[in-house]
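K.L.:
From Swiss-Prot, here are the annotated features:
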BINDING   568, 569, 570, 571, 572, 573, 574, 575  ATP binding site
COILED    419-442  coiled coil
COILED    535-556  coiled coil
DOMAIN    521-823  domain 'NB-ARC'
DOMAIN    1248-1312  domain 'HMA'
REPEAT    944-968  repeat 'LRR 1'
REPEAT    990-1012  repeat 'LRR 2'
REPEAT    1087-1111  repeat 'LRR 3'
REPEAT    1115-1134  repeat 'LRR 4'
REPEAT    1135-1158  repeat 'LRR 5'
REPEAT    1161-1183  repeat 'LRR 6'
REPEAT    1184-1208  repeat 'LRR 7'
REPEAT    1273-1296  repeat 'LRR 8'
């Protein structure tokens, strides 16, 4: 309305005043009155307002305002203006609030509000007696064409909205002491409000149908305005006034209001009949407003309303699905849809014109009275309801699908029919037919994956997409049936149509002979698309001159700190080049400390500091509790007096550099910082001595070498003709490395034929103009359909985020992206998909496992990530909801099965009501802190009833587990409780459960967890299963469970029982209760398929109470135990296939000696020893025959590495860190023998300068400050204390003897 902004500002002024808390009810009452007055002032140009007295009311109240504000002489109407609106706004907003809340202008009273109350009351008494409903014929209420905006439908709807808003205030007030309280039932006011809303819908509907206003429509708008204004006046006059007694709204007035509405239904009917002759106008983005089909049943007779139940149900379904349905999806049905809606409106309003109805009115009598056949008229409505419901679901289905969705549906159909047999009984036959049809199509879907280069690839993928869409629809129909959100006739018809459509798809497949043979026999050969792409040496290609230039800057130049800034456009290889230098051995050996961080466009300052500190001094979980200032100070002190190399990657603006630069002190010791950025301004701003380096483009020779290496690996292109085409393609990439790599990914999947490469060259020729996105789009276009969804899913991750592969694969499986294949694990198939994307150069590997070369972590280039986000949004696949994005229900209310990524939980609350059919909710935030919303996040999540993936990354604390989401397959979050409810078993589809308790207490796992037979991955830090052995014995076995972390086993018997329940376990991380002195080692048989085992102690150093027996174990980590040679020898006898052994923080018995006999650990490839008390290590000549890597960290008591390592021909790498000089010397002797005598050119020795010594000094807390004096001494990096063990730990470059000398001096001085 005209006065809305002023009222809003006035309310803000009231709420900010000191009286807001004292008189909140007065403020609300005052604003309520002004809103009604505003309504009446807007009617001053209409004749009916003057005839019925509304205009007199507004003029009277305006005079009162003027008199109340008479003391403010400075307030005058603008010159030449007698506009009541302008004067009212000026007076009210500037002066009246002060008058009302403080003093009366013409009296000494201290209560201006009491005076205002009295004025209103007298005015209402004066006008109540003489007010009457306007009887003027509608025709006489015409206004001139010049005033068309005043009575436009927009004006009418805004007026109705204002009146409805004031009525809703009365309905909500239940406090008898409130000035706005209306005693007695509120049904009368509520019914008036509903009538007005219905009228408003009708006005909107008419306006949508008629772009050009006609005389009849304008008359109708005036009629609607008269009705609404009459309601406003009656309600205002009869409102109870504080201090004058509560007076209810007169029942007679309410009855008259409703009867007035009903008596004028003939006007609605006339307008609807006129609209039937018009052509539907599609001027709006969405289908027409359907509010007119909301049946106003309060005046329908009981007998009649009972007969209209079915009609009302259909109309509600029509309304609910039409409101936000994009009109483009119904463009061929607009005429039919308009006809149905108009007929429905005529049917409803005609019911009120039947006079003399009796309560025993029957359907036949009603049909005769109306002049038409009700059942026949309802049938078109049923057809339209079904069409609209179907379209509302189909129109925004994602256009990219996971081919594993049919597998998920087929499993669930069996479960649904077993769990909900009663609800699904009437659909049993149809569901059985559908199940059979989908099973018959499984071989075809397998062909689509295994033969992506089939000549009918496009047709195959189109058919596969249609099949998946039908699977989505079946799932929705089944759920709608179970939850009774749609009538049986509609769902039954829908399933019959799905069966018919599947039959058509099969016919199309057979007709084109795409699977003529495979529909009868199953293809058994392994696809090249599932095979792993051979890994090649990831050595950088090109930029040799640039590398040499930058290496010289890092090692030479000024003695002061210097920043080496590298800038250039996306895709040039700035990050690759910087990482190449950062990992260069000749560079790294020059610096004491090396650390790196990636900033990105959106970053967390705290996370950057933590990343740098982790590289500089090691990881420390307690450090996360510190604030940013403390972390920054810690980093600065760590780097002070040390020569450091820092890599700061992907800086977007100067402020990011300002945040970090203070942490890098300049000690004039040739410290260096490498900085990469896209922007020259940032590079120049950060520079100190060296000029920024603008990274050049590739030259033609470098372009071809990179393309050749990416396509052929270590081989060369032998065909001159092929090379000619390749050179042309490389040149077309315009010397941009990213473009070359992406095109190489396309070529590597093609036959090495000139014709194929020519086709790529021709396609690229029309797209490439310094536009990497065009090449990315080409790479995406040639992806097999089963890889497209996997690739676009990367758009759900943050910029520069390092993605854990285990987590990614679990998400892919939960999203049904992975198609099952008989005899193969889904995880193995998913790894093949990933390697395929890596082979196409769409995904960058950041970490591989040392033992088997499998990818452990990856990331996406910024250009590729942006493409994934944009393309995923276009395909209705993934939508990012950012902090400043406004919820638009009209656009996103039906994003069926899409994935939503949120950066703030508040966004989730705003969007939850309009995203009930979303399949995935992913929370992404660069900060790692726990987020505890003030609202019930779990209640919000219940709105997402089709949710299959809920990944809150254990960052968001949920108040309870939403166990009603039975489609859920992946759940990751933090919880407040110390126990998990037994209702967790209601999530019977759950495959991955990742929970973290916010307290340090052990989480209690209910026994019902053993009912979750689909569970594959269970990860809960420090949980304890209910120790009810009888209950566990009788529970089911979890045959699908493959990974568990981190249960607490209180006894060997407890562990045995759990292991029997998980026969197919592959990875186990657990804590065990240890024994002081076990009488003998009990052999604990772990599941035969177990490959990874990590054991941690639960308390202080004690012996493991069992000997490990796991015939196929490949990875073993033991941490925190008391061990001896006997235990390790007995364990080795049961671990013949062990490839990786990590012993961490162990105390050794037997005089701190470890003897390794011949034949022990025959398959071991990696041996890592960290912080052991080991002094003497004796290894037989034939032990560790296949060892490749030996890593020693913090083994400061070890005297030397056994000489037998010189003769292990498979040895490739030794790393020594924080150890004594004797260990370093023995490692160098081994290196010399391996390289010179054994000619092992692949051998590499890495000695890290940091050294650690532990000295027993009898430390007590009172001397803590004394020891801190050690830290600033030259050569000492840090000092740490362990009061329990009475040990001092000094980290630095000093010799151990020098440390002992310092300690001796401190003792002599009485400081120890």
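Quick reminder: no glycine exception, Cβ is built from N, Cα and C everywhere.
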K.L.:
Near the Cβ of residue 571 (ATP binding site), how many other Cβ atoms are there if near means within 10 Å?
P.N.:
23
K.L.:
What is the total of other Cβ atoms whose distance to the Cβ of residue 574 (ATP binding site) is within 10 Å?
P.N.:
23
K.L.:
Check the binding-site residues 568, 570 for other C-beta atoms within 10 angstroms of each C-beta and report the one with the most.
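P.N.:
Counting every other Cβ within 10 Å of each candidate, the maximum falls on 568.
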K.L.:
Are there residues at least six beyond either end of the repeat 'LRR 2' (990-1012) with Cβ under 8 Å to its Cβ atoms? List them, or say none.
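P.N.:
Result: 810, 813-814, 930, 932, 954, 957, 968-984, 1018-1026, 1028, 1031-1032, 1035-1038, 1040, 1047-1048, 1061.
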K.L.:
Calculate the per-residue pLDDT averaged over the repeat 'LRR 8' (1273-1296) and state the result as an integer.
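P.N.:
Averaging the confidence scores along the repeat 'LRR 8' (1273-1296) gives 54.
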K.L.:
Fewest other CB within 10 angstroms, which one of the binding-site residues 569, 572?
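P.N.:
Result for the binding-site residues 569, 572: minimum number of other Cβ atoms within 10 Å at 569.
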K.L.:
Within 8 Å of the centroid of the Cβ atoms of 568, 569, 570, 571, 572, 573, 574, 575, which other residues of that chain place their own Cβ, given that this set defines the recorded ATP site?
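P.N.:
For the ATP site, the extra neighbours are 678, 695, 737, 738.
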K.L.:
Including all protein chains shown, what's the count of other C-beta atoms within 10 A of the C-beta of residue 575 (ATP binding site)?
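P.N.:
Summing over all protein chains shown, residue 575 (ATP binding site) has 19 other Cβ atoms within 10 Å.
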K.L.:
Report, as a single number, how many Cβ atoms besides its own are within 10 Å of the Cβ of residue 573 (ATP binding site).
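P.N.:
By my count, 26.
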K.L.:
Go through the chain and flag residues at least 6 beyond the ends of the repeat 'LRR 7' (1184-1208) whose CB is under 8 A from any CB in it; none is fine as an answer.
P.N.:
850, 1152, 1156, 1160-1178, 1214-1220, 1222-1223, 1225-1227, 1229-1230, 1233-1234, 1237-1238, 1251-1254, 1296
K.L.:
How does the repeat 'LRR 2' (990-1012) divide up by DSSP, counting helix, then strand, then coil residues?
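P.N.:
Breakdown, helix to coil: 5 helix, 9 strand, 9 coil.
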K.L.:
With DSSP, how much of the repeat 'LRR 1' (944-968) is helix, how much strand and how much coil, in residues?
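P.N.:
Helix, strand, coil within the repeat 'LRR 1' (944-968): 0 helix, 6 strand, 19 coil.
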K.L.:
When DSSP states are grouped into helix, strand and coil, how many residues of the repeat 'LRR 5' (1135-1158) land in each?
P.N.:
0 helix, 11 strand, 13 coil
K.L.:
With DSSP helix as H/G/I and strand as E/B, how many residues of the repeat 'LRR 3' (1087-1111) fall in helix, strand and coil?
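P.N.:
Taking each residue of the repeat 'LRR 3' (1087-1111) in turn, the totals are 0 helix, 11 strand, 14 coil.
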